[in-house]
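> Copying in the features that TrEMBL gives for the protein in this structure:
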- B:31-145: domain 'PurM-like N-terminal' (DOMAIN)
- B:Asp33, B:Thr48, B:Asp79: Mg(2+) 4 binding site (BINDING)
- B:Asp33, B:Asp79, B:Asp222: Mg(2+) 3 binding site (BINDING)
- B:Thr49, B:Asp50, B:Asp127: Mg(2+) 1 binding site (BINDING)
- B:Asp50, B:Asp79: Mg(2+) 2 binding site (BINDING)
- B:His57, B:Glu275, B:Tyr331: substrate binding site (BINDING)
- B:Tyr109, B:Gly126, B:Asp127, B:Arg153, B:Ser224: ATP binding site (BINDING)
- B:157-312: domain 'PurM-like C-terminal' (DOMAIN)
- B:Asp225: Mg(2+) 5 binding site (BINDING)
There are 2 protein chains.
Amino acid sequence: MRLRDIGEFGLIDLLRSKLNPADHTVVVGIGDDAAVLAYNAGAHVLLTTDMLVEGVHFRQDIIDFCSLGWKSVAASLSDIAAMGGTPRHAVVSLAIPPDAKVDSLERLYDGMAQICAEFETHVIGGDIVKTSGPLVISVSLTGEVAKGKALLRSGARPGDLVFVTGHIGGSAAGLAFLENDQKALIPADEQLELTNYHQRPIPQITAGKILAASEGCTSCNDISDGLASELNEIAKASGVGIHIEERRLPIAPSVRNFARFSSHCATNWALYGGEDYQLVGTLDPLRYEEVADQCHLQGIPLTLIGRVTQGSSVLMETEDGYEVLLQARGYNHFAE
Amino acid sequence: MRLRDIGEFGLIDLLRSKLNPADHTVVVGIGDDAAVLAYNAGAHVLLTTDMLVEGVHFRQDIIDFCSLGWKSVAASLSDIAAMGGTPRHAVVSLAIPPDAKVDSLERLYDGMAQICAEFETHVIGGDIVKTSGPLVISVSLTGEVAKGKALLRSGARPGDLVFVTGHIGGSAAGLAFLENDQKALIPADEQLELTNYHQRPIPQITAGKILAASEGCTSCNDISDGLASELNEIAKASGVGIHIEERRLPIAPSVRNFARFSSHCATNWALYGGEDYQLVGTLDPLRYEEVADQCHLQGIPLTLIGRVTQGSSVLMETEDGYEVLLQARGYNHFAE
């Protein structure tokens with residue numbers, strides 16, 4: 001079915017039917033000029049937004065529409081996680097080429113509904129427009145966090161420990177795997193793991209809440225642009241240096257295996273790949289054990305990768321004993 | 001200057017410098033994973049979003065970038081006005097073709113900053129990405145409204161009076177004027193008025209607040225798709241009919257003059273043109289005088305155009321005495 005067969009209003013009705021039912025926080029949902037939302041009286045409201053463009057952020061031969069829906073919302077959920085917040089309400093706008101298939105857009109919303117259900121978030125509005133260009137997806141997401149408890153980038157102090165949740169480098173490895181012609185040559189379970197790292201990242205909402213409640217987390221960032229870029233942001237915002245050790249980077253065995261198989265460098269994926277949507281931050285050493293225990297109880301790996309230093313440099317001690325400067329080398333739109 | 005000369009991060013720094021300084025409601029603004037915002041404890045949060053695409057919603061030969069920035073935010077402010085709310089915080093995302101001029105984007109943000117300053121709203125985040133297609137602007141806006149005071153579409157009752165704020169039909173007249181080759185043939189002050197109707201609509205925040213505080217406003221909508229479409233939405237949501245009179249439509253003299261000059265129908269502009277961003281709604285007859293007085297004290301024209309009826313039809317009595325059915329005939333993306 002093509003868009004012209006059902007028109008804008010038919011499409012809106014169809015996509016709306018995919019969304020999860022509203023809960024008590026949605027006083028007025030889709031269908032009026034704006035949604036009316038109830039937040040806790042003692043809370044601050046969080047607001048973040050992300051825009052994804054076909055051909056720039058995603059390609060249909062690398063990701064299916066359902067996973068794309070999941071990942072589009074995951075990016076914003078991860079921003080709320082990095083603030084230590086609870087995600088609440090999303091608005092989703094799409095600019096759609098007129099030859100798009102209705103079925104693809106339904107799958108996109110299926111994926112959004114899946115991740116929203118998983119993280120108790122509600123899509124409560126949006127806008128659907130046509131474009132002569134590629135598909136554009138805009139997600140704006142609110143969350144809430146207790147007053148004064150938001151995790152910022154700016155509180156790291158020399159002596160703090162640097163942590164990472166989960167595993168990193170997996171999204172870039174997954175992308176390389178999905179672009180690779182010899183993908184059948186690695187074990188099936190590792191194929192699935194690499195695919196999921198890239199297509200279905202898990203925002204670290206629970207870890208963010210544990211960190212926000214701990215009183216010991218002095219800075220936090222989500223890994224959307226790669227570890228090197230995020231560490232530089234924390235160092236700059238906090239006015240400190242950071243020293244990490246390559247051998248401590250939590251890179252999954254499947255990622256190391258595929259790096260060897262495909263002659264890539266797993267450390268580079270972890271440092272510069274991005275889209276892992278894990279959390280990186282700094283902890284008061286006196287609070288580390290308590291936070292790590294709470295994370296492990298929830299099945300969340302928490303790995304120490306280094307420490308906060310005086311100065312302003314972000315350095316990494318390599319596995320062969322060299323000390324190298326890590327520069328922010330995330331993706332730069334508009335760079336030649 | 002072209003984008004490739006300053007890159008993504010140079011552009012972000014430049015555009016950020018255009019924005020108004022944060023106020024006490026912005027606990028953490030641009031620069032962290034999400035903004036942290038303070039709302040009043042007794043308030044509900046409003047959330048709305050709009051997406052505009054070059055070639056669909058705007059053309060560079062019809063609107064300059066500064067006015068486009070104004071109008072992009074005006075559309076969302078108008079949604080908050082229609083809920084009776086106070087606008088608070090916006091996030092703005094842009095998908096930008098790589099050959100866009102930096103100067104144009106600066107003008108766009110100048111216009112956004114102008115309207116945000118006028119309505120005490122703050123842009124507190126966004127996303128800047130590249131696209132192979134046309135410029136896409138996505139604005140998401142929050143507001144707040146006292147609990148239980150939001151103006152919905154669903155409360156109109158037979159016997160209520162139907163009102164419109166300001167003048168309508170002006171945006172469509174302005175578009176026709178700007179597309180017209182003989183524009184120099186009408187007086188200069190009317191040229192400016194028509195241009196402003198189209199390029200610089202004024203969201204009716206003050207009127208919305210008066211209506212929300214009045215206890216007598218039983219439904220409200222903003223006129224983004226044309227009066228006929230908005231009246232049908234109110235009738236459908238409220239389960240009522242509506243009867244209006246053509247002779248009562250508040251169409252400005254400059255719009256009537258240009259309609260005569262250009263052989264257009266001013267009533268059609270008012271009914272189907274849209275983008276006027278005035279408010280239309282229904283009032284308890286016992287409260288009308290009080291609300292009208294308060295609006296007039298603020299310099300806001302409030303015009304009665306008809307009444308709410310039993311049934312479900314939206315009817316208009318024409319100037320020559322016929323009764324016609326008004327159908328929702330707003331713009332339909334993806335219709336052939």
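Here the Cβ of each residue, glycine as well, is placed from N, Cα and C on the backbone.
Remember, TrEMBL labels are computer predictions, not curated facts.
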> Have a look around B:Asp127 (Mg(2+) 1 binding site) and count the other CB atoms within 10 A of its CB, chains all included.
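Neighbour count, Cβ to Cβ under the 10 Å cut-off: 22.
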> By DSSP, what is the split of the domain 'PurM-like N-terminal' (B:31-145) into helix, strand and coil residues?
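Each residue of the domain 'PurM-like N-terminal' (B:31-145) counted once, the result is 35 helix, 48 strand, 32 coil.
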> Rounded to an integer, what is the Cα-Cα distance in Å between B:Asp33 (Mg(2+) 4 binding site) and B:Ser224 (ATP binding site)?
33
> Using DSSP and three states only, what is B:Asp222 (Mg(2+) 3 binding site)?
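Assignment for B:Asp222 (Mg(2+) 3 binding site) reads strand.
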> What are the non-local neighbours of B:Thr48 (Mg(2+) 4 binding site), defined as same-chain residues 6+ apart in sequence with CB under 8 A from its CB?
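Looking at Cβ-Cβ distances below 8 Å from B:Thr48 (Mg(2+) 4 binding site), excluding near sequence neighbours, one finds B:Ser76, B:Asp79, B:Ile80, B:Ser140, B:Leu141, B:Gly143.
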> Between the Cα atoms of B:Asp222 (Mg(2+) 3 binding site) and B:Tyr109 (ATP binding site), what distance do you get, rounded to the nearest Å?
24
> Using a Cβ-Cβ cut-off under 8 angstroms and a sequence gap of six or more, which residues of the chain neighbour B:Arg153 (ATP binding site)?
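Set apart from B:Arg153 (ATP binding site) by at least 6 residues yet with Cβ under 8 Å, we have B:Ser219, B:Cys220, B:Asn221, B:Glu233, B:Ile234, B:Ala237, B:Ser238.
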> Among the binding-site residues B:Asp33, B:Tyr109, B:Arg153, B:Asp222, B:Asp225, which sit with their Cβ under 8 Å from a Cβ of chain A?
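Contact set vs A: B:Asp33, B:Arg153, B:Asp222.
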> Calculate the per-residue pLDDT averaged over the domain 'PurM-like C-terminal' (B:157-312) and state the result as an integer.
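Average per-residue pLDDT within the domain 'PurM-like C-terminal' (B:157-312): 96.
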> If you measure B:Tyr109 (ATP binding site) to B:Asp127 (Mg(2+) 1 binding site) at Cα, how many Å is it?
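So the alpha carbons of B:Tyr109 (ATP binding site) and B:Asp127 (Mg(2+) 1 binding site) sit roughly 13 Å from each other.
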> Here are some binding-site residues: B:Thr49, B:Ser224. Which one has the most Cβ atoms within 10 Å of its Cβ?
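The largest 10 Å Cβ neighbour count belongs to B:Thr49.
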> By a simple count of other Cβ atoms within 10 Å, which of B:Asp33, B:Asp50, B:Asp79, the binding-site residues in the record, is least packed?
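If we count Cβ atoms within 10 Å for the binding-site residues B:Asp33, B:Asp50, B:Asp79, the smallest count is at B:Asp50.
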> Using only the residues recorded as binding ATP (B:Tyr109, B:Gly126, B:Asp127, B:Arg153, B:Ser224), report the maximum Cα-Cα distance in Å, whole number please.
32
> Which whole-number value in Å describes the distance between the Cα atoms of B:His57 (substrate binding site) and B:Asp127 (Mg(2+) 1 binding site)?
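The separation of the Cα atoms works out to 20 Å.
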> So among the binding-site residues B:Asp222, B:Asp225, B:Glu275, who's got the most Cβ atoms within 10 Å?
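Counting every other Cβ within 10 Å of each candidate, the maximum falls on B:Asp222.
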> Out of B:Thr49, B:Asp50, B:Ser224, which of these binding-site residues is nearest B:Glu275 (substrate binding site) by C-alpha distance?
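Nearest listed residue in space: B:Ser224.
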> In whole Å, how far is B:Asp50 (Mg(2+) 1 binding site) from the residue listed as 'Mg(2+) 5 binding site' when you measure between their Cα atoms?
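The residue listed as 'Mg(2+) 5 binding site' and B:Asp50 (Mg(2+) 1 binding site) have their Cα atoms 13 Å apart.
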